[in-house]
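Peer 1: Dropping a structure here in structure tokens format, bear with me for questions.
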Amino acid sequence: MAATLSTAVDVHCITKHTSDAKRRPIFFTSPIRLPKRSFTISCTSKSPLKPPPDLAETHPQNPSLSDQLRPISTTILHETTTKDPHSKTHLLAKPKSTWVNPTRPKPTVLSLQRQKKSLYSYNPQIRDLKLFARRLNDCDPSEAAFMAVLEEIPHPPNRENALLVLNSLRPWQKTLLFFNWIKTHNLFPMETIFYNIAMKSLRYGRQFQLIEDLANEMINNGVELDNITYSTIITCAKRCNLSEKAVHWFETMYKTGLMPDEVTYSAILDVYANLGKIEEVMSLYERGRASGWRPDPIAFAVLGKMYGEAGDYDGIRFVLEEMKALGVEPNLVVYNTLLEAMGKAGKPGLARSLFEEMVENGVNPDEKTLTALVKIYGKARWAKDALELWERMRLNKWPMDFILYNTLLSMCADLGLEEDAERLFEDMKGLERCGPDSWSYTAMLNVYGSGGKVDKAMKVFNEMSERGVELNVMGCTCLVQCLGRAKRIDDMVRVFKESTERGVKPDDRLCGCLLSIVSYCEEGEDRNKVLVLLQQANPELVAFIKLLGEEKTSFETIKKEFRSILSATIVDARRPFCNCLIDICRNRNLQERAHELLYVGTVYGLYPGLHTKTSEEWRLNVRSLSIGAAHTAFEEWMGTLGQIVKRQEALPEVFSANTGAGTHKFSHGLAGAFESHVKKLAAPFRQSEEKAGIFVATREDIVKWVQSKAPSLAVTV
DNA sequence: TTAGGGTTAG
């Protein structure tokens, strides 16, 4: 949390004439911009690829792969810390050879040959044995019952027969019983394949410890661990959220001198990708490429997902370019992953083109493709595209599942398509496989809640109670928000209480919602009712509100306490918290506190890009601010301009403020409020004729106005 | 699930 706060700083400050204890002007000089991305690898960080010190001693005759990798990891990883590894030139360039000394051969980091599987010979007893395995699967789970059935095995348990049965058993408990039975009867040597099959079943049961025990048993008994063994261990560790174990076994493989093939290699790439270790992944990727590896679509899906999670569009482009350069055709999963990634990187237009390319290439979309796209169009509020896609889905009879239905409902909420949502919801009630569930009801609460349809939302809430549909925190938040806006505080209190009784645990979003209701409730009974709920959900926040109202509270205390609150709050809810708190201050006539909060919020990176400057134009972007916060930011800006004018420093031709046109469902008419605020101050900003939501002023007008207002403006700085 | 890797919901 603290790292997020300190890396997201985008603060404009000056040092002269201010002491550290005082708030500094927000809008001044050049912004200090820290890199957008933080790099997890630095010269001092320990690379997980680095072998433990005892490694060289273990196999001195056989330099392990990690030994071979060491010089590469120190060069390549070091290199990525000195320049942005995500820059376009870096990513779109062909992977450079990572081997520095041309007289030595390139290191091979993976086997280009995938491990061959042994071919089965036809087993004439297959029918009998399959039926027998089914009997074992169906019998009582107790060991005694299992052993009793096992007595009746129809054919001798030789190697082939035992393999067939072992492969057909589930769940993992039965696989293990049979596996141990074979071992104790000592019928034939236990080969790797028996362990691999047993491990696979254990992996379905997410039994990592048992898998690890088996692996150690193999080592102790001299049974060879092959690529299938290692990839099974690694993916099981991954699924059990034991990444360090996955890395440990990957390194163990190197120690024994076994080369990973591409399956094991992409499994470990995925482990690092899930840890968000982009540099490690790219380093491994490049080393693989330098070894002559031509990655397959699965490896590209891993990279695509990783860049999507990071919201890194350059990375996504790299994946596409690289596939094209290597002549690897994306398959359905790769397209789905990249579409999802484009959505996360905030590129709806590119997602749309990619989807069209996919269809043109003859890859038919599935439920996941359409879910990703519907979600993207909904979030982007691209109503036309969303509805056209929906129509195409119907015409082409593209596959639908309940997740897609629910995503369509959420999209309707995002776009305010109440009637479409109602129709779809009714359709769902008539479907056997896709009847409305908790998600669907939540989506309907969202549809009515964001449309301000209080009574319909309450009807859905009651229907959920009647039908025993689980209410979740999001549904509760939608209702609370909508009842709060309608000033139906008593209903809101009842919904909140009923929800918490029904097991809803208030989260930061719900607290933000209560906080916003506090901000627009007038002082008195209603506001106290909301504060009682907030006290229950987040007592620290209520204590902070109290602190804001006390005159003796110092700026340092505000800074410290607010930081502590933000650190404990999920990233998405931080800015709303700050906005609401500023509104609360302004409504209680605590103007200076509002300025302090805006300052601290800016320092903590809650308002990146609040002020942008070119030589021609300085712009204040208040689109993500509440009305009170936008007024505060505007006053702060004008105060700063007052000082600049006084010092006769250079100013651009144009000043502008961007409030946005207010198309978003949560926009509270920021443009209108801003307009009346500037009018009240007689500031020379005029609504732009070309672009809605932009207010413009010329340098001459600003200077004239600032000079006329000089004494009062200086107060705010 | 037929000895191993990748993708859907505020």
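From the backbone N, Cα and C atoms, a Cβ is placed for every residue, glycine too.
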Peer 1: Tell me which range among A:43-69, A:70-96 TrEMBL lists as region 'Disordered'.
Peer 2: A:43-69
Peer 1: With Cβ distances under 8 Å as the criterion, find the stretch in A:226-260, A:437-471, A:472-506 that has the most pairs with the repeat 'PPR' (A:401-431).
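Peer 2: Stretch with the highest Cβ contact count: A:437-471.
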Peer 1: Within the repeat 'PPR' (A:472-506), count helix residues (DSSP H, G, I), strand residues (E, B) and coil residues, in that order.
Peer 2: 26 helix, 0 strand, 9 coil
